[in-house]
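To start, the structure itself, in structure tokens.
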Amino acid sequence: MNLTENNNLSSKSNLKAINEKPLVVQVLVGILLYVNGLMMFTFLKKETFRDTRYILFAQTLFVDSAFMVLTDLTLMGGFYQYPVHIIPCCILCTLMSLLSLCSPMTLVAMCLERYVAICVPLRHASISTPKNTFIGLSVILGVSSVLPLFIFTVYFVNIPPGFLHLYVVCNLEVMLQIKWLADMRASSLQLIFIIMFCTVVSTYFKIMLAARSASSERKNSTNKGLKTIILHGVQLLLCMMHLITPYIEMPLWKVDVRLFVNVKYSDFILFLILPRCLSPLVYGLRDKKFYSALKYYAFCGILVCNKHKIRDDNTFRGVVSISINN
């Protein structure tokens, strides 16, 4: 009897812990979406933030927000085992793959922009123009879409016709059933990661060399640029770790669905939520100009109301005092 009661209590506690996980995820995603939305609103409201670094930052915020929403939908669908038709599932997975590549590539572009600003300051104005920035964003989007669209095309060419009527629990693993396609994707992602990481590391060392020879007036901005590169490097590492997590999760998906969901939940927190927290830290808190504008818009309702209230009270007192004197 005691053993049965203990088993019941243990199963209830496990069920409670499992049911709390979606709530924790929704709270974290909601907080990050609110912060990112507030930052995008700040970017759009201020004309002074039309520099290349802020445009790239806004691109990162938008891509990260869209990626979090789509990944959260697939995570909740996997948690509750909700079946989806395979065609919209594959379209959703392709879009997620595109966004997951677009985010780290934008981080590399931000590192290169800091390199130009610090190491080649005289050419920064001519290189970092709005036109060149949007061309760069288009190139990033185009390069990011090559691999996902190739996988999408090959998958639909190779699957039997009967599979088009299937309903599946939507995950990226659905499109990685073909072994050579999964191996090709893994190799491509490893090559992309090596290229991007080498670019960030070389940028860091070049800025570090520039910091040693910089004047005392430029020391602070150069050192700040080094710290920014380090943060972007950590972001890049975590983002690329998220790209290889499907190969860790795939064997678990075939063995135990519940264990697969738990591992996917942990990967979601560590490799998706955590690196997206660093973007607001880099520009939302460390950039004084952006932080001032962000603080203004975050508290503008309270500050503006108080300011108008004080102004109206002073006006009313002035009118009353004039009336009394007259």
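Using N, Cα and C of the backbone, Cβ positions are placed for all residues, glycine too.
On the 0 to 100 pLDDT scale, the model's mean across the domain 'G-protein coupled receptors family 1 profile' (35-283) is 82. Taken from TrEMBL, the feature domain 'G-protein coupled receptors family 1 profile' covers 35-283.
Taking Cβ pairs closer than 8 Å, the transmembrane segment (23-44) reaches residues 54, 57-58, 61-62, 64-65, 68-69, 72, 75-76, 265, 268-269, 273, 276-277, 279-280, 283-284, 290, 293-294, 297-298 in its own chain, all 6 or more past its ends. The transmembrane segment feature in TrEMBL is assigned to 23-44 (among others).
Feature annotation from TrEMBL assigns transmembrane segment to 56-79 (among others). Beyond the transmembrane segment (56-79), the same-chain residues lying 6 or more positions past its ends with a Cβ under 8 Å from any Cβ of the stretch are 21-22, 25-26, 29, 32-33, 36-37, 39-40, 43-44, 49, 92-93, 95-96, 99-100, 102-103, 106-107, 109-110, 113, 133, 137, 140, 169-172, 260-261, 264-265, 268, 272-273, 276, 279, 282-283.
The transmembrane segment annotation in TrEMBL covers 85-112 (among others).
According to TrEMBL, the transmembrane segment annotation covers 133-157 (among others).
Positions annotated as transmembrane segment by TrEMBL: 189-209 (among others). Long-range contacts of the transmembrane segment (189-209) within the same chain: residues 101, 104-105, 107-108, 111-112, 114-115, 118-119, 147, 222, 225-226, 229-230, 232-233, 236-237, 240, 243-244, each at least 6 residues beyond the stretch ends and with a Cβ under 8 Å from a Cβ of the stretch.
Summarising the annotation, TrEMBL assigns transmembrane segment to 229-248 (among others).
Under the heading transmembrane segment, TrEMBL lists 268-285 (among others).
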Chain residues in Cβ proximity to the transmembrane segment (229-248) (below 8 Å; excluding those fewer than six residues from its ends, i.e. six or more beyond): 100-101, 103-104, 107-108, 110-111, 114, 171-173, 176, 182, 186, 189-190, 192-193, 196-197, 200-201, 203-204, 207, 263-264, 267, 270-272, 274-275, 278-279, 281-282
Residues from the same chain, set at least six apart from the ends of the transmembrane segment (85-112), whose C-beta lies under 8 A from its own: 53, 56-57, 59-60, 63-64, 66-67, 70-71, 73-74, 136-137, 140-141, 143-145, 147-149, 151-152, 155-156, 163-164, 166-168, 170-172, 174-175, 192, 196, 199-200, 203-204, 229, 232-233, 235-236, 239-240, 242-243
For the transmembrane segment (133-157), distant same-chain residues with Cβ under 8 A (at least six beyond the ends): 52, 55-56, 59, 90-91, 94-95, 97-99, 101-102, 105-106, 109, 175, 178, 181, 185, 188-189
